[in-house]
Amino acid sequence: MATCPRGCTPAVRLCQKLNRLKTLDDDMMATSLKRCLSTLDLTLLGVGGMVGSGLYVLTGTVAKDMVGPAVIISFIFAGFASLLAAFCYAEFGARIPKVGSAYMFTYVSVGEVWAFLIGWNVILENMIGGAAVARAWSGYLDSIFNHAIQNFTETHIMQWNVPFLAHYPDLLAAGILIVASFFISFGVKVSSYLNHIFSVISMAVIIFILVFGFMLAEPANWSAKEGGFAPFGLSGILAGSATCFYAFVGFDVIASSSEEAKNPQKAVPIATAISLGLAAAAYILVSTVLTLMVPWHSLDPNSALADAFFRRGYSWAGVIVAIGSICAMNTVLLCNLFSLPRIVYAMADDGLFFSFFARVNPVTKVPVNAILVFGILMSTMALIFDLEALVQFLSIGTLLAYTFVASSVIVLRFQPDKTSSKGTASTSPNPNAETSPAPTESQTIREDSGELKQYESFSDKLQLVERQASSEKRGVGQLKAYWEPYLGKLLGDCEPGEVVAFCVLTLIVSSVSLCVVLEFGTKQLQLPIWSFSMLLGIFILAYVLSLTLIWLHEPQTSSKTFQVPLVPLTPAASILINVFLMMKLSYLTWIRFTVWIAVGLIVYFGYGIWHSKEGKRELQPKDMAARYVVLPSGSLVETVQPVQPEGQMDTSAHDFNSPTASTAEENAGKR
């Protein structure tokens, strides 16, 4: 990011601080954590994060109250929408194998303050999610024993009637979180082994449900006599898809674990695809079995699967299902407690959060401080809070993270590679090269390798300018050659990737506007038909035009890691779906979101912005390199710039005939 000139206002300098990008290490595999996770480990982590309480509770709730047997189609739609987001996470997890997930991906492509806010929301999402699953685990276990635990607690310990608090302290939920945090602090392999055990039991129970359930299936339960296959119509299917989408939340634990994977470039995309496929198959097949075993309108939303077997006269099968549900909830707990401390660690390691959480245990190679502190906070929430009013808050943080990750994929795909850019921008000479009194043109400009050297004569410098102009004309992020005669005058002067970044912003704004009109236009806003249609047309046109302009630019094509297919179409569709689902949330969720963002900004401006490692790196002395550019007037100027990653370059141009420029030229000749 360019540094302000002398007359720059403080507001612009602040804006540059807020949007500075994270500089990645040359060795992406270097880490203070332990790389020991295989593809199987990551796959089971992803399955454990997705196939949890939703399989045993959500399927029955959506089938009975929203969709009917057509919940199968809802899960297919939701699985496809999740696949779009999973593609984006897989690319980043393979390309940037660092902890932090959405936070890290946003930091390297969008900017610091946006990355902090994403990480801040993901922290709360994981805390509430873990506490909610712990309470569901406790309630499910308590129901097996006929609520004996709840009755004992209310009678012999305490109970209260306070808004937003539980009627009694859930000691069992708090206890399971403390125990899980204790085990996770022993290291990533211990966490992985525990997840393996619970995942295998859970999948064995799912196979049992499918085999035994299909044996008890009655196709008459889908007949018109029972209401038909889709009693709520298309609107019910779409509404159910929005709810079912959250069943697949959890695959991001794979990207969060990429810094501890042995071979993240291959393991992260493979594990993401397999785990999402297994989770989608489990949800679709279990929904099919459930609605064929008993009529959809008679399902018990709280324990649909276990109740279905009980009603068919197989109470022993209901016990097996209850055991499977508890094991599935254990895997979700482990995934929440596994990913949350690593996001906190990533933010603390970058200086944006308290450095206490950046300490890694030298023996177990895990951020023990973050694990224990946030495990205790999570258990406290599970102990006293009634989380039913807060559960919906989970959605907004997840969807916001998905949106920023999809946007980051487009931005980075059309940005010039920083490593190669740095190599071509720098004109430092080769110390091992032999000196010759009169270098020839072939020695000065190497067409095949694209390698640049320091030049002594004025004519060679002019050839260097021509060489750079011809080589960068069709670079990544620039307008494609075919379209330059038509749009070159309008877009040709923009920096590589600048038009794409603006189009991504337009894409997000048009998606938000389009979804607002669709969701609130005819009801809350009470727009007339002509106004409603006109606004839809304008925002759809803006969305399509932004996509088209992005497509007209050169993307990065050579990559050794997984890349999202059909960019920018795939991430743009993910952005639109995520924004649409966010508009489905209640206004209370948006109020809570605003309050939490305000608290996060206080933390960032009170601590993060002052301790940011990127901010400290900007204050360090930088190596300087010279570069020669021809201005439109025909004069040649020398640009003095620090050799550092693109996007953070400090450039100051000097006239070629000025004393400063002459001195720089003489020094370059001496080198």
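Backbone N, Cα and C define each Cβ position, glycine as well.
So that you can see what the record holds, here are the features copied from TrEMBL:
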{"type": "COMPBIAS", "residues": "421-443", "note": "compositional bias 'Polar residues'"}
{"type": "COMPBIAS", "residues": "649-665", "note": "compositional bias 'Polar residues'"}
{"type": "DOMAIN", "residues": "562-612", "note": "domain 'Cationic amino acid transporter C-terminal'"}
{"type": "REGION", "residues": "418-445", "note": "region 'Disordered'"}
{"type": "REGION", "residues": "642-671", "note": "region 'Disordered'"}
{"type": "TRANSMEM", "residues": "37-58", "note": "transmembrane segment"}
{"type": "TRANSMEM", "residues": "70-90", "note": "transmembrane segment"}
{"type": "TRANSMEM", "residues": "102-123", "note": "transmembrane segment"}
{"type": "TRANSMEM", "residues": "171-190", "note": "transmembrane segment"}
{"type": "TRANSMEM", "residues": "197-217", "note": "transmembrane segment"}
{"type": "TRANSMEM", "residues": "229-255", "note": "transmembrane segment"}
{"type": "TRANSMEM", "residues": "267-294", "note": "transmembrane segment"}
{"type": "TRANSMEM", "residues": "314-338", "note": "transmembrane segment"}
{"type": "TRANSMEM", "residues": "366-385", "note": "transmembrane segment"}
{"type": "TRANSMEM", "residues": "391-412", "note": "transmembrane segment"}
{"type": "TRANSMEM", "residues": "527-552", "note": "transmembrane segment"}
{"type": "TRANSMEM", "residues": "589-610", "note": "transmembrane segment"}
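Taking the domain 'Cationic amino acid transporter C-terminal' (562-612) as a whole, pLDDT averages 90 in the prediction. Counted with DSSP, the domain 'Cationic amino acid transporter C-terminal' (562-612) comes out as 40 helix, 0 strand, 11 coil. The list of residues near the transmembrane segment (229-255) in space but at least 6 beyond its ends in sequence, with Cβ under 8 angstroms from a Cβ of it, reads 42, 45-46, 48-50, 52, 54-55, 58, 61-62, 66-71, 73-75, 77-79, 81-82, 86, 89-90, 92-93, 101-102, 105, 222, 268, 271-272, 275-276, 279-280, 283, 296, 332, 335, 338-339, 394-395, 398, 401, 581, 584. Residues of the same chain lying 6 or more positions beyond the ends of the transmembrane segment (70-90) and with a Cβ under 8 Å from any Cβ of it are 59, 62-63, 101-102, 105, 229-232, 236-238, 240-245, 247-249, 251-252, 254-255, 268-269, 272-273, 276, 279-280, 283-284, 287-288, 291, 402, 405-406, 408-409, 562, 564-565, 570-571, 573-574, 577-578. No contact links the transmembrane segment (171-190) to the transmembrane segment (527-552), because fewer than 3 Cβ pairs that are 6 or more residues apart lie under 8 A.
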